[in-house]
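Notes to accompany the following structure.
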Amino acid sequence: MKILSGIQPSGQLHIGNYFGMMQTMISNMESSELYVFIVDLHALTSVHDREKLATGTLEAAADFLALGLDPDKCIFWVQSDVPEVCELMWALSTISPMGLLERCHSYKDKVAKGIAPSHGLFSYPVLMAADILLYQADRVPVGKDQKQHLEVARDLAIKFNNQYGETFVVPEPAISETTAIVPGIDGQKMSKSYGNTIPIFLEGKQLKKRVMAIETDATPVEMPKDPDNCNLYKLMQLFADKERMEQIHSLYVNGGAAYGYLKLELLDLLNEKFGKAREKKKEYLSDPQMLRAILAKGADKAREKATVTLDLVRDRIGLSY
Ligand code: ATP
Ligand code: MG
């Protein structure tokens, strides 16, 4: 079973990324052929600051390693180090129906949030399809926000196979129901580009400030509250154990849930869960040459796989004359 997923170095990685994708990927390390990559070409659709993109890429790599990804047990690389993906993207874009891409809501959401409506942003799903199909992935663990893009990848794989003969594995999404959409501190989907995140590696006062800023309603402490419509409750659910969550649930429905105290409890849980990883991240970042060496080795392994698929594609479509 080949499992693949990527993450954009478009800002500090956050707990939505962790629960939506990183945790699942790391837990699949022993049992699958695992492909994990930092998709810097995708991040170019929203980041046009060279320094920010370059340091973001190294930081994202350090994040994964600090959280426990073992580069010897997977293929771990930076997308742009295997530019073959761009050639496959072009081939796929020539069979991508405009209507299929025009229906993608991620593009519309990002434009509504002020990201420039470039051709790159519009064709983001085609590059993502190329990522997945190039490595012949069976499963792609993602958050719910990427479900539609996965559909595009499947449609393009099926279309290509029908048109040119069996070439690509048709990938399946893997979306965990409980962590499908982690809310941000404002209640919308937590997203790097929305500025509403709780970054995994934030600490101290800055982290406290972010947690205390989680938006809640103005219901007085003693009044009953609706847990299903509460951001803070949804975030607590990701960290607190079952027994504690039952107590919190009863405080919500019967009255007595004090948002301020619950936020402090969430802060403790965050520190407990990510404290050690934060220290490890600092160690990785103190040696960028070692990080680059790990990524270069990963890129070699990825390119070997990519070349096999790309040779086949070139032959299928008539680029090998
Ligand atoms: P951007 O705002 O730049 O798009 P992002 O925060 O949405 O950044 P991505 O790099 O686009 O992060 O996504 C990486 C992975 O994390 C994807 O699998 C995506 O589905 C998942 N993911 C992102 N945000 C969430 C979220 N709030 N809840 C669950 N999964 C998420
Ligand atoms: Mg995103």
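Numbers run from 1 along the shown chain.
Glycine too: its Cβ is placed from the backbone N, Cα and C atoms.
In TrEMBL, annotation is done automatically, which means it is predicted and not curated.
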According to TrEMBL, which candidate in V126, V182 joins Q8, P9, S10, G16, N17, G143, K144, D145, K189, M190, S191, K192, S193 at the ATP site: V182
Cα separation, D131 (L-tryptophan binding site) to V182 (ATP binding site) (Å, whole number): 24
List of residues, in chain order, with Cβ under 8 A from that of S10 (ATP binding site) and at least 6 apart: H42, A43, S46, V47, G56, K192, S193
Cβ-based isolation winner (fewest other Cβ atoms within 10 Å) among the binding-site residues K144, K192: K144
Nearest of the binding-site residues (Q8, K144, M190) to D131 (L-tryptophan binding site), judged by Cα-Cα distance: Q8
Entries of D131, K144, V182 (binding-site residues) sitting next to ligand 1, with Cβ under 6 Å as the cut-off: V182
Same-chain residue ranges lying at least 6 outside the motif ''HIGH' region' (9-17) that approach it to Cβ under 8 Å: 38-40, 42-43, 46-47, 53, 56-57, 59-60, 63, 143, 181-182, 184, 189-193, 197-202, 235, 238, 270
